[in-house]
């Protein structure tokens, strides 16, 4: 049995991850080809884009933790937190991740990393203060499900395409501005910016769709491992209410990694379903209630 299989196999998630990476890979290839034609620097373009992708893969977790001012904690510093994660990892046959805590009043949690053996689960002090043990266990199981499903790495890679395209679009005026004397460069640079905008739009939609589905999958995995879907549902309600009470200034400071949170800081905003990183909390709770019914009936979830 594969490690982490106790969280359940979700073929829908696997298909979406493969489809998203394949689609974005094609977009990325077209994008790179346009840049090569426009700049006439094939080798340089390949090296730069490859280096950026490598940095994104290797450093994304550290950057996310740094942006949250999170630090790794030892079992001596956070014995109860480590005990919960130890028990869940043992139960699910999953390598224990690093454990980090961010000093932030916003109640939330997220997982980062590039593999099951190289991952970190981070919780905020606001979450530790808010949730009772059973609900905290549900949240931790949710984050460990992300690690087990390997969707954290896929989200990291997929985010790279959107981030690179957005950077080029945002700097498009400077990139094609008056600093170039050769008028022949104009159409090529304009093509790069136009293709970047298209790549960004498509990757944005694909990324958000995958992000929403993976939350359902992690909720399901947590419910299976803990056997208490109602505890996770209660935690989602508490976290949502806690975020509603968090000052907007604090929410803006953590918005950069919102797609990785169990509940997005933007829960206060009424973002359209197509642009949301997470499903509505109400729908997640309804799904957990259905899982609760199936578990009580002895059916396989």
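Glycine is no exception: its Cβ is also placed from the backbone N, Cα and C atoms.
Pulled from TrEMBL:
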- 143: active site (ACT_SITE)
- 142, 146, 215: Zn(2+) binding site (BINDING)
- 76-291: domain 'Peptidase M48' (DOMAIN)
- 21-38: transmembrane segment (TRANSMEM)
- 44-65: transmembrane segment (TRANSMEM)
- 152-176: transmembrane segment (TRANSMEM)
- 188-210: transmembrane segment (TRANSMEM)
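Distance noted between the C-alpha atoms of residue 215 (Zn(2+) binding site) and the residue listed as 'active site' is 9 Å. Remote same-chain residues near the transmembrane segment (188-210) are listed as 16-17, 20, 23-24, 27-28, 30-31, 34-35, 37-39, 151, 154-155, 158-159, 161-162, 164-166, 168-169, 172, 175-176, 180, 259, 274-277 (criterion: CB distance under 8 Å, separation of at least six residues from the stretch ends). The residues near the Zn(2+) site, meaning same-chain residues not in 142, 146, 215 whose C-beta sits within 8 angstroms of the mean position of the site's C-beta atoms, are 111, 143, 145, 214, 217, 218, 219, 221, 222, 262, in sequence order. Long-range neighbours of residue 143 (active site) (same chain, six or more residues apart, CB within less than 8 Å of its CB): 109, 110, 111, 121, 218, 262. Counting every protein chain shown, the number of other Cβ atoms lying within 10 Å of the Cβ of residue 146 (Zn(2+) binding site) is 27. Take the CB of residue 142 (Zn(2+) binding site) and look out to 10 A: across all protein chains shown you find 28 other CB atoms. A simple way to gauge crowding: the CB of residue 215 (Zn(2+) binding site) has 26 other CB atoms within 10 angstroms, across all the protein chains here.
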